[in-house]
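Structure, as structure tokens:
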Amino acid sequence: MGFFDRISEGLARSRDKFKEQMNVLLDRGPDLDDEFWDGLEETLILSDVGAPAASSIVENLRDQATRKALPDAYAVLDMLNEQIASTFTEGGEGVFGGDPALVLFVGINGTGKTTTVGKLAKEASDAGRNVILGSADTFRAAAIEQLEVWARRADVEVVERERGSDPASVCYATIERAEETGADLVLIDTAGRLHTSADLMRELEKVVNVVRKRSQLPVYTVLVIDATTGQNGLQQAREFNNALSLDGIVVTKLDGTAKGGIALAVSHELELPVLKIGVGEGMDDLKDFDAHDFARALIGDFDERGA
Ligand SMILES: Nc1nc2c(ncn2[C@@H]2O[C@H](COP(=O)(O)OP(=O)(O)OP(=O)(O)O)[C@@H](O)[C@H]2O)c(=O)[nH]1
């Protein structure tokens, strides 16, 4: 199944929610009056894209409707996909684009950090890159074992220490080992932590600072967000970004959620690119992000019979 089909299948619930709201709005007729524009903004907000993104999308579409003298709501909806796509923050090519990099994965518990590291390791190793993994999640014993399983599947080395070790020292050891082996992609899994826990966030800041100082490879910090948590994901992203100056996000569990719009809320509000998306638990379920395909999958197409 191609990228669009996978993401389209995954976002079916998000799309249904959007369409249901839109159809109620269109039932009153296709006039481009204030009620339509307010209703469109509200529908976007209910789709979890966040108020700032929703208002920017509606403002731009309103401008275009005036400039191009668009006849009705259907003409506006034809431009909605494009407008949503361009509201995502672009960039981040350096992180997984094939250049040498050290990437630290952070996020709250259970968002899919270890799984994402594993999937990426497999993809990069299959593409012929020299990959090494670091298990700085020294908090949860199962996380170390889980990463070992992925490392075996990907046929890459993983640097680890016993449970309870200092995560910064695991990072240090991983960087040393990467230098010895000439690895050009270093992926470090960190322990899940609540963004509201000041101590754990300080510990993570320390880990990131150690890595930034010590690594000769460019260092990127990537937040892994679980799409099913909706608006809470935005709050997590704000806190992690404040503490760590993130370089991008990976949005997981986009298979089967009605809250897929959260990817846009975070990308737009925090000016962070979406680097990858997770659409399942399997090895091949981590995909490159394409804003146009994502927008199409999120809201679908509209025609005059209703969508
Ligand atoms: N459906 C679905 N499940 C996913 C996806 N990504 C990860 N998971 C599942 O989410 C669960 C948690 O994933 P982990 O990778 O262990 O999460 P983590 O962030 O490393 O967890 P902690 O180490 O506890 O913070 C696992 O059961 C994964 O298989 C995804 O894209 N879709």
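Just so it is clear, glycine is given a Cβ too, placed from its N, Cα and C backbone atoms.
Curation does not apply to TrEMBL; its annotations are automatic.
Because the structure is a prediction, the values reported are computed rather than measured.
Taken from TrEMBL as is:
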BINDING   107-114, 189-193, 252-255  GTP binding site
DOMAIN    7-88  domain 'Signal recognition particle SRP54 helical bundle'
DOMAIN    99-256  domain 'AAA+ ATPase'
DOMAIN    100-300  domain 'SRP54-type proteins GTP-binding'
Helix-strand-coil residue split for the domain 'Signal recognition particle SRP54 helical bundle' (7-88), DSSP-based: 63 helix, 0 strand, 19 coil
Integer mean pLDDT for the domain 'AAA+ ATPase' (99-256): 94
Position of peak Cβ density within 10 Å, selected from the binding-site residues Lys113, Arg193: Lys113
Of Lys113, Thr190, Arg193, binding-site residues neighbouring ligand 1, Cβ under 6 A: Lys113
Binding-site residues listed as Gly107, Gly110, least Cβ neighbours within 10 Å: Gly110
Sequence-distant neighbours of Leu254 (GTP binding site) in its chain (C-beta under 8 A, six or more apart): Ile7, Gly10, Leu11, Ala227, Gly260, Ala263, Ile277, Gly278, Val279
Set of same-chain residues at least 6 away whose C-beta sits under 8 angstroms from Thr190 (GTP binding site): Leu104, Phe105, Val106, Lys113, Ala136, Asp137, Pro167, Leu204, Val207
DSSP state at Arg193 (GTP binding site), helix/strand/coil: coil
